[in-house]
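Notes follow once the structure below has been shown.
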Amino acid sequence: MPLELTQSRVQKIWVPVDHRPSLPRSCGPKLTNSPTVIVMVGLPARGKTYISKKLTRYLNWIGVPTKVFNVGEYRREAVKQYSSYNFFRPDNEEAMKVRKQCALAALRDVKSYLAKEGGQIAVFDATNTTRERRHMILHFAKENDFKAFFIESVCDDPTVVASNIMEVKISSPDYKDCNSAEAMDDFMKRISCYEASYQPLDPDKCDRDLSLIKVIDVGRRFLVNRVQDHIQSRIVYYLMNIHVQPRTIYLCRHGENEHNLQGRIGGDSGLSSRGKKFASALSKFVEEQNLKDLRVWTSQLKSTIQTAEALRLPYEQWKALNEIDAGVCEELTYEEIRDTYPEEYALREQDKYYYRYPTGESYQDLVQRLEPVIMELERQENVLVICHQAVLRCLLAYFLDKSAEEMPYLKCPLHTVLKLTPVAYGCRVESIYLNVESVCTHRERSEDAKKGPNPLMRRNSVTPLASPEPTKKPRINSFEEHVASTSAALPSCLPPEVPTQLPGQPLLGQACLT
C-alpha cells in the first residue's frame, strides 16, 4: 500500500507520514550514509590540525554535521603544565599512560557524537603514527558500525616544517612561557620522539584495504586508495583543491540598484546613481590595492556586471553567483509578500535558512549551488567577487565558519568591501566602507526565529543539519590525579571482563588504543 505523504511547508518537499521511531544509528554500514571517522595520520607540524579544521568547516557548511576531536586538547586538559619534549619520549611510561587515556577519552566522545548526538563525521586529530594504533582505531570503527577514512599528511621539506612550527606551534599553550628559539628547539625534539616509531600508510602492501588519501608536500602530490562512498569522494576532491599560498579574497555586493531603493527583492534592475558612484569608488580601491593578476567574478545579473564594468578589468560571469531565487515573491517588497502570502512570510521568518520560496530557492539550496564557487575560490590566489546579499552571506559563512542558523543574518552592507586573509586556522576579515551612501537592506532576526529550531524539520533528512555545537571540554583526570591513582600500565585492549575506563565515561567495548 502506498505511504501517505505530507508536504513540508518550510522546505516544499514531500515526506512520508510516519510516526515510527527513526532507524537506529547502530545500523551503520548497512546504510549508504553511515557515520564516518576521519583518522588523521602524520608527524607533528605536518598540517594535520590545519586540514582537520578546514575540512570540518567545509563539511559543516555543505550540511554534513562534523566535529574535530583533537587529542592534543585532551592532553592539555589532563596535563595542566607542559614541561618539555620528555613527555613524548617512548620510554616515559607514566606519560604514555596519560596519552593513552587521552586518546581513549577522545574516542569515547567520538562514539557519543556519532551514535547519540546526530553527528555524521568525526575527525580524530592525532599523530596515529604506528600501524598498531591505526589498527585499534579501525577496530573501534568496525565495532561501532562506523566507516573509517585515513588522511595522512607527509612533508619532508624542512622549510615548510619550520614555517608550520613558527606560525602555529610556538603560540601553543605548551610554550606560553618560552621564547621562539626555546619553543622551536623543544618542538623539533618532540618530533624526533615520534620519528623512530613512525610507520607511514602503505597502500601497496600493509594498508591496501584501507580507505585513505596521502597528501604529499602540501598538496604537490596525492595518493588515493579505496574510496568507499560519495562523502569520501567529496573529501578527496576538496583536499585536492585547497592550497596554502598567501592570497587575499575580496567580497562585495553590487552597487545600490533601483530595486534596493524600492525595497524589492530579486529581479534584475540596474544601478542607481549612488550605485554608479560606488562602482567608481571600487575601481579606485582596486587600483590602490595594487594586486597582481587579480581575478574578478560577477553574477549574470545586470547590477554586478555594471559594477564590474567600471573596474576596466577582465571579469568572468558565474550563473552560480546569481541572487537567491525568490520564486513567486520575485520583485515584491516584504510588505507585499506579507499581505499577499502571509503564511509564506511567517514560515520564512520562522526558519530563514531552510525556508524555500514557492517555485524558488532556500539558503540551503543556495549553499549547494555555490559549492563549485567555493572549490574554485580555494584554488585561486587574489580574487574579487561581486555578488548579491544572500550569496555573500553564504560565502562569508564558509570562510568565517558560521552555522546554518547564523548565515541568513550575517551583515553584508552595500558599498562595503570585505577583505579576507587566510591565516593559520581560519580567516581574518576586514570591513572597508567606500564612503558612498546607500539604503540598508539588512533585516534582523525575528522573535519567532530566536525561539529555536523549526519543529517541522526532520533530523533524518537527506541533507543533515549543520552542527553548531562547540567542542566539549575533555572529561579526563589530570596527570597528577592519574599518577596518584594508578601505578599499572593500561591494558592493550578492553575485554569485557576488564572494565578499564575513565571516571564518568561509558566503555568503548573491546576497542582501544595502545
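Each Cβ is built from the backbone N, Cα and C atoms, and glycine gets one as well.
Quick look at what Swiss-Prot lists:
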REGION    1-245  region '6-phosphofructo-2-kinase'
BINDING   42-50, 164-169, 345-348, 389-393, TYR425  ATP binding site
ACT_SITE  ASP125  active site
ACT_SITE  CYS155  active site
REGION    246-514  region 'Fructose-2,6-bisphosphatase'
SITE      ARG253  site 'Transition state stabilizer'
SITE      ASN260  site 'Transition state stabilizer'
ACT_SITE  GLU323  active site, proton donor/acceptor
SITE      HIS388  site 'Transition state stabilizer'
REGION    444-475  region 'Disordered'
MOD_RES   THR463  phosphothreonine
MOD_RES   THR471  phosphothreonine
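Taking the features listed in Swiss-Prot, we show where each one sits on the structure.
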| residue | record | DSSP (3 states) |
| --- | --- | --- |
| GLY42 | ATP binding site | coil |
| TYR50 | ATP binding site | helix |
| ASP125 | active site | strand |
| CYS155 | active site | coil |
| GLU167 | ATP binding site | helix |
| ASN260 | site 'Transition state stabilizer' | helix |
| HIS388 | site 'Transition state stabilizer' | coil |
| TYR425 | ATP binding site | coil |
Cβ-based isolation winner (fewest other Cβ atoms within 10 Å) among the binding-site residues TYR50, TYR425: TYR425
Recorded positions (CYS155, ARG253, HIS388), the one with most neighbouring Cβ atoms at 10 Å: ARG253
Those recorded positions, out of GLY42, ARG46, ASN260, that come within 10 angstroms of CYS155 (active site) at the Cα: GLY42, ARG46
Three-state secondary structure, which DSSP defines for the residue listed as 'active site, proton donor/acceptor': coil
Collapsed DSSP category at ALA346 (ATP binding site): helix
Candidates ASP125, ARG253, GLU323, HIS388 (recorded positions) - the one closest to TYR50 (ATP binding site) by CA: ASP125
Count of other CB atoms lying within 10 Å of the CB belonging to ALA390 (ATP binding site): 25
Packing count at GLU167 (ATP binding site) (other Cβ atoms within 10 Å of its Cβ): 14
Inter-residue Cα distance where the pair is ASN260 (site 'Transition state stabilizer') and ALA390 (ATP binding site), in Å: 14
Subset of recorded positions (ARG46, ASP125, ASN260, HIS388, TYR425) lying within 10 A of the residue listed as 'active site, proton donor/acceptor', CA to CA, in sequence order: HIS388
PLDDT averaged over the residues of the region '6-phosphofructo-2-kinase' (1-245): 91
Close in space, distant in sequence - ASN260 (site 'Transition state stabilizer'), Cβ under 8 Å, 6 or more apart: SER272, GLY275, LEU414, SER438, VAL439, THR441
When distances run from the Cα of GLU167 (ATP binding site) to each of the recorded positions ASP125, ARG253, HIS388, the nearest one: ASP125
Rounded distance in angstrom between the Cα atoms of ARG46 (ATP binding site) and HIS388 (site 'Transition state stabilizer'): 38
